[in-house]
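Undergrad: Before anything else, here's the structure in question.
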Amino acid sequence: MALSELALLRRLQESRHSRKLILFIVFLALLLDNMLLTVVVPIIPSYLYSIEHEKDALEIQTAKPGLTASAPGSFQNIFSYYDNSTMVTGNSTDHLQGALVHEATTQHMATNSSSASSDCPSEDKDLLNENVQVGLLFASKATVQLLTNPFIGLLTNRIGYPIPMFTGFCIMFISTVMFAFSRTYAFLLIARSLQGIGSSCSSVAGMGMLASVYTDDEERGNAMGIALGGLAMGVLVGPPFGSVLYEFVGKTAPFLVLAALVLLDGAIQLFVLQPSRVQPESQKGTPLTTLLRDPYILIAAGSICFANMGIAMLEPALPIWMMETMCSHKWQLGVAFLPASVSYLIGTNVFGILAHKMGRWLCALLGMIIVGMSILCIPLAKNIYGLIAPNFGVGFAIGMVDSSMMPIMGYLVDLRHVSVYGSVYAIADVAFCMGYAIGPSAGGAIAKAIGFPWLMTIIGIIDILFAPLCFFLRSPPAKEEKMAILMDHNCPIKTKMYTQNSSQSHPIGEDEESESD
């Protein structure tokens, strides 16, 4: 008995060092983070609209005095404008009673027109104003994450990846519970902003951890494709999961289910990563400012930013546009994103492997062009079925870009800098967050000012124009001191070139400064 227990403990101890288990932890963290990111997409526009108009209807009802009839003997009829009902307490003529009931019914229709046609709102001005409000709420998470990322990158270099990873779980759990019980815009904004800090911890630490345990370029690309599949699954499940539970159970339900799943993730992290131990990197990483001056890293980061900015602009603006032009039901507001989510999942898994063979630069270039063209087609849709093809194209192409550029970030650090990954994946996450910070906030304002179709035209053209810059990532040159290290056969870090040795380098303003020790 003791021997079997000892063998089990030894097996569990060995599993803690398993690369596949670490990959699963990162996959699960990204899955839940992005479920929380997208579960609010169909809920918030409709929820804010409903609480705003409930408030307006209540103000109208409480401000209206009770009707008094001028004819004698009409005091036997009592009218309630709280629930718009008529109660007869005495004798009165049928004609007078019918007239007063008709008047009360007319008042009911006037004060509650929004509830009678909740799926097809007529208050165009209110919907336009909500573009800005919803856009700022969605952008707050990415903005906070954007500001937090550089600090998390430096922190992982000093104390390792497990503690920031577990901290991200704790913050995300608090944010999820806050979403469940928030009843005002202010508390929703705080919950969304708090999620940004947790996401920063999970994303930077998770990707850095994968890059450190998967040192081979091809294996790293495959692993990051799988991890991004978790992100894709979260984006896939979030909107329909949120919209269906919101319509048939209520606002609180999806967030409570999500909170339970987050607790499960925390338990696994606690067992495997042992976040109480500080595990600093064995060598000092390249300064963040040096990485930001590397033009190849900036091109890769720009691809991530502009590709994701397209879907980020869609998140607040598309549900409102659908409510305004298609009279869409609540559940349709989330299901509309389903094609993009499914295709993103397909794209990240297919091109996580294929991009290494065809060239990651080419994969990203084609992805940027497809993103732009698909976004340009979205305003042409007349109903929810017309959104299927362009949304599918958007998701698939963003999957191509993300699964190509994430491994390239680690590859560029191996090739041109010190192989410590916290800071470079902080830059990658900053790029991702810039797309999700600028996208909803600017997108909401642009949609209000010049309309949803012009918003899609602008971001579509930007993506297409940025695409040719990916050509410079075809064969980035190594720094001289790094080339000497990589040529050493005894070097413990293996990196496989993803282009042919005969391909020509394309230097673009390379920084000749040597790395600081």
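Any Cβ shown, glycine's included, is placed from N, Cα and C.
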Undergrad: Just to be sure I read the record right: Leu231, Val235, Asn308, Ile311, Glu315, Phe337, Tyr344, Asp402 are listed as binding serotonin in Swiss-Prot. Which of Tyr421, Tyr425, Tyr436 is listed for the same site?
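TA: The one candidate that Swiss-Prot places in that serotonin site: Tyr436.
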Undergrad: Could you confirm whether, in Swiss-Prot, the topological domain containing Pro477 has the same name as the one containing Glu219, so that both are on the same side of the membrane?
TA: yes
Undergrad: Check the candidates Asn84, Asn501 against Swiss-Prot and report the one noted as N-linked glycosylation site.
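TA: Among Asn84, Asn501, the residue Swiss-Prot annotates as N-linked glycosylation site is Asn84.
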Undergrad: Determine the minimum-neighbour residue: among Tyr344, Tyr436, listed as binding-site residues, which Cβ has the fewest other Cβ atoms within 10 angstroms?
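TA: Each of the binding-site residues Tyr344, Tyr436 was scored; lowest Cβ tally within 10 Å is Tyr436.
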Undergrad: Which residue, of the binding-site residues Leu231, Asn308, Glu315, has its CB surrounded by the fewest other CB atoms within 10 A?
TA: Asn308
Undergrad: On the DSSP side of things, how many residues of the topological domain 'Cytoplasmic' (214-222) fall into helix, strand and coil, could you say?
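TA: Summed by class, the stretch gives 6 helix, 0 strand, 3 coil.
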Undergrad: What is the biggest Cα to Cα gap, in Å, among Leu231, Val235, Asn308, Ile311, Glu315, Phe337, Tyr344, Asp402, Tyr436, the residues listed as binding serotonin?
TA: 18
Undergrad: According to DSSP, how is the topological domain 'Extracellular' (439-443) divided among helix, strand and coil residues?
TA: 5 helix, 0 strand, 0 coil
Undergrad: Using DSSP, how many residues in the topological domain 'Cytoplasmic' (154-162) fall into helix, strand and coil?
TA: 7 helix, 0 strand, 2 coil
